[in-house]
Amino acid sequence: MAKKRIAVIGAGASGLTCIKCCLEEGLEPVCFERSGDIGGLWRFQEAPEEGRASIYQSVVINTSKEMMCFSDYPIPDHYPNYMHNSQVLEYFRMYAKEFDLLKYIQFKTTVCSVKKQPDFSTSGQWQVVTECEGKQQVDVFDGVLVCTGHHTDAHLPLESFPGIEKFKGKYFHSRDYKNPVEFTGKRVIVIGIGNSGGDLAVEISHTAKQVFLSTRRGAWILNRVGKHGYPIDLLLSSRIMYYLSRICGPSLKNNYMEKQMNQRFDHEMFGLKPKHRALSQHPTVNDDLPNRIIAGLVKVKGNVKEFTETAAVFEDGSREDGIDVVIFATGYSFAFPFLEDSVKVVKNKVSLYKKVFPPNLEKPTLAIIGLIQPLGAIMPISELQGRWATQVFKGLKKLPSQSEMMAEINKAREEMAKRYVDSQRHTIQGDYIDTMEEIADLVGVRPNILPLVFTDPRLALRLLLGPCTPVQYRLQGPGKWAGARKTILTTEDRVRKPLMTRVVERDSSGGSLVTVRVLMLAVAFFAVILAYF
């Protein structure tokens, strides 16, 4: 029987891992990449490309290497915990080389349309029209994996800023920013306090005369560096923390997070504290912003009410004159124009079962991969989504009925609306552990900790108390990897390796990823469970 042919659209992080997922399931992938190279979002270019997010030269990733790596290919131990964009791209190149993925990619090939075949209701096949060097080609595929991400179109809401058309200075979207040199001696407003807005305000403040950071709601600021110098996502992404937060509820979880973030600086005193709770908005990751604010080089302002030719008037009535540049760090929107009516996007919202499958298709042969804004790393989520989707394509897994899928989609949408402030960026939110555990269940790779308590207690302890790293989903089930156990047990070694560039005497009182206090919490947790059951 001939292998099923699967079209993979995009050769960024999601596309690369989906090629590998296809190969693992015995499917034949054909990947179409509109540019001439892999990497997607993480490939820096001086000139921005339409339809693709464009990063600035200094970007450092916000998730640590142990949490963002693909599950069976750890990032080298000498790489820094938070990598520069060039190192992220290099990791993707190593991954592609290790698993021989490049030969399945057709570069400089644009996908023009993806349409159902006339017999789709029985075959589930798709007609894919592509264009390369001015020539169009039509192919038929048994399945399609869309891996174009959610940073496709710059969101520039100029209609919300009256007078911008009269402004005589320069204004542009953050996707066009590359480095701070051109802002030397200028007065700059950065609108938006997401990750890009915070980064740009900090970087530009090193050359500009003055930077103003304008925000409608304020934000909670999360450090990359957590207690004892460990990456913050390693400390927050443990199963014990996850289980306890589910028992304690959102209020206590918010209290804990806000206390942690206020320990470094008082968000109210710095003009950043929002009305909403910490977990009602995607946190802004930035280690340097409070330093620039306390030095007076960045001034936090409210929302801009209107612009004049040379000034900005804010909603609190204050005014800043002599403004030279306005940068809109207002995020991105996403669309799938090549899919026509198969997947409809309305106000940055899309109906997808588990954020992957359109519920209205007669055959589940189309999947959207990586369309999620997680509180954590996206790469391992895309990988698990790809593992699940290829199992469905192969017929190894089944989806519920359309009505059941729609009911779950609506429920998830209602829960999201209750939790998050109304914002374009919160339409595709997802918690890291929630998402990983849910999809791992569907794939059949969620670690079963209870038996390990008796057969491998050391590993069980790490799974419960340590960070919930992607490699944990290679311990058992389909795609099991022999190196998974060792990789989990040596996580802390790889965290420490790039930091130990000078030999010092190890202090036994120093911190570790699994502390005595966390161990006591685990004992208390199990005591409660035993008391109830």
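Glycine too: its Cβ is placed from the backbone N, Cα and C atoms.
What Swiss-Prot records for GLY10, ALA11, GLY12, ALA13, SER14, GLU33, LEU41, TRP42, ASN62, THR63 is FAD binding site. Sequence annotations record features per position, and here Swiss-Prot assigns NADP(+) binding site to SER196, GLY197, GLY198, ASP199 based on similarity to another entry. What Swiss-Prot lists as dimethylated arginine is ARG5, and the listing cites similarity to another entry. The annotation phosphoserine is assigned in Swiss-Prot to SER54, SER58, SER280, SER401. Taken from Swiss-Prot, the feature phosphotyrosine covers TYR56. The phosphothreonine annotation in Swiss-Prot covers THR284, and the record cites similarity to another entry as its basis. If you look up Swiss-Prot, you'll see 513-533 marked as transmembrane segment.
Recorded features from Swiss-Prot, shown on the structure.
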{"residue": "GLY10", "record": "FAD binding site", "Cβ contacts under 8 Å, 6 or more apart": "CYS31, PHE32, GLU33, GLY40, VAL146, CYS147, THR148, GLY149"}
{"residue": "LEU41", "record": "FAD binding site", "Cβ contacts under 8 Å, 6 or more apart": "GLY12, ALA13, ARG52, ALA53, ILE55, GLY149, HIS151"}
{"residue": "SER54", "record": "phosphoserine", "Cβ contacts under 8 Å, 6 or more apart": "GLN45, PRO48, ARG175, ASP176"}
{"residue": "TYR56", "record": "phosphotyrosine", "Cβ contacts under 8 Å, 6 or more apart": "PHE44, SER174, TYR177, LYS178, ASN179, ASP199, LEU200, GLU203"}
{"residue": "SER58", "record": "phosphoserine", "Cβ contacts under 8 Å, 6 or more apart": "HIS84, ASN179, ASP199, GLU203"}
{"residue": "GLY197", "record": "NADP(+) binding site", "Cβ contacts under 8 Å, 6 or more apart": "SER174, VAL190, ILE191, LEU213, THR215, THR284, ALA329"}
{"residue": "GLY198", "record": "NADP(+) binding site", "Cβ contacts under 8 Å, 6 or more apart": "LEU213, ALA219, ILE221, THR284, VAL285, ASN286, LEU289"}
{"residue": "SER280", "record": "phosphoserine", "Cβ contacts under 8 Å, 6 or more apart": "ASN254, ARG419, TYR420, VAL421"}
{"residue": "SER401", "record": "phosphoserine", "Cβ contacts under 8 Å, 6 or more apart": "none"}
Exercise for the section: Name, in the order they occur in the sequence, the residues of the same chain whose CB lies under 8 A from the CB of ASN62 (FAD binding site) and which sit 6 or more residues away. Expected result: TYR82, ASN195, ARG224, VAL285
Handout entry: Integer Cα-Cα distance in angstrom, the residue listed as 'dimethylated arginine' to SER14 (FAD binding site)
Key = 18
Handout entry: The one of ARG5, SER14 whose CB sees the fewest other CB atoms within 10 Å, among these recorded positions
Key = ARG5
Practice task
Would you mind listing, in sequence order, the residues at least six apart from SER196 (NADP(+) binding site) in the same chain with a Cβ closer than 8 Å to its Cβ?
Solution key: SER174, ALA329, GLY331
Problem - Sparsest-packed of the listed recorded positions (GLY12, ASP199, THR284) - C-beta count within 10 angstroms - result: THR284
Problem - DSSP three-state assignment for SER54 (phosphoserine) - result: coil
Problem - DSSP three-state assignment (helix, strand or coil) for ASN62 (FAD binding site) - result: coil
Problem - DSSP three-state assignment (helix, strand or coil) for the residue listed as 'dimethylated arginine' - result: strand
Exercise for the section: Determine which residues of the same chain, besides SER196, GLY197, GLY198, ASP199, have their CB within 8 A of the center of the CB atoms at the recorded NADP(+) site, and list them by sequence. Expected result: SER174, VAL190, GLY192, ILE193, GLY194, ASN195, LEU200, ALA201, VAL202, THR284, ASN286, ALA329
